[in-house]
Amino acid sequence: MGLAISSRRLSLNRSELNIVSLSRRKSGAKNMVEHSSSFFQGWEDDEHVRLFDWFSYFPTPLFLKQFEYFNEVRLLKEYFQVNGAKEKSMFEVGCATGEVYRYLKRRQHDCQYRGFDISANAINAAKKKFPKGNFYCIEENTRQIFKEYGQADIVFSRDVVIHQTNVWGFLDSLIELTKGSLIMRMKTRDVGATCLDPELSCQAHYSKYWMPYVVINVDELCEYLAQKSDVKKVTILKSYGILGGQNGRFLPKELYFPEAGTAETSVCIEKGLRNGDKPEIVIRVQSDKMHWSLFDRAWLKLWLTYKMPPTADASKVS
């Protein structure tokens with residue numbers, strides 16, 4: 001899930017963010033989230049919908065080009081190439097305004113799709129854009145999905161696990177929803193333990209909220225999944241890049257340097273019978289940072305100038 005904050009927040013350096021965080025804890029300012037029970041309230045902000053919907057303004061050819069550059073979409077394409085899409089069920093957890101549904105329809109992946117999100121505003125936007133789609137607003141706990149809809153052949157979740165106050169519990173719930181393959185996008189690190197404290201690893205949103213931003217150690221992830229007897233294979237695609245110091249992220253200081261090995265990481269977890277005691281683990285390095293041609297860049301800029309409302313600034317989504 002991409003994130004968006006104001007330009008004022010984007011200009012804050014680490015020391016300034018630290019001062020803001022300390023001030024927040026001391027003053028108890030009403031416009032900042034203070035407790036774990038309210039870490040998710042920013043998803044209901046109107047700004048969230050405006051900024052997460054920027055892909056909807058892309059011309060379709062550029063939308064498809066950008067989307068298929070994401071490693072998690074590459075993994076999804078690989079799944080469909082092997083298993084097909086027809087009669088397959090798919091849950092998207094954290095569907096926002098429904099652009100994955102748009103992608104599936106454009107590529108004629110005719111799976112039985114259901115999209116879920118905790119943001120009622122985002123779900124309303126998705127329903128308005130795609131009245132034939134199946135979109136549902138849920139509570140914070142994905143157990144609601146399991147109880148009402150059971151499992152799906154594919155579960156797809158982009159940048160949702162990183163914003164949880166209970167990362168491993170949330171991952172368990174996604175695995176529970178999955179009959180076949182769970183495909184996720186997350187943030188990872190090669191060096192150093194996962195910091196699960198949302199006061200020390202978080203991100204500023206919309207000049208109002210602090211939300212968890214958890215960067216998961218890859219070895220810890222693999223060890224955790226190895227304990228799941230029904231996980232037979234894990235495929236990890238890493239697109240390396242420094243995470244600290246960008247887009248209002250307030251992270252452990254080592255994540256501001258390349259030695260931590262931070263990455264935008266896509267993961268496919270396949271369930272089934274193992275060949276041995278441990279799951280097969282495949283790790284590949286594959287950049288998913290899009291490099292637009294001059295023609296595409298000019299086309300996109302002109303298109304967005306005329307199509308995108310002035311309140312939605314795509315440059316602030318990451």
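Each residue, glycine too, has its Cβ placed from N, Cα and C.
What TrEMBL records for 92-178 is domain 'Methyltransferase type 12'.
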Averaged pLDDT score, the domain 'Methyltransferase type 12' (92-178): 94
Per DSSP, what is the residue count of the domain 'Methyltransferase type 12' (92-178) in each of helix, strand and coil? 39 helix, 19 strand, 29 coil
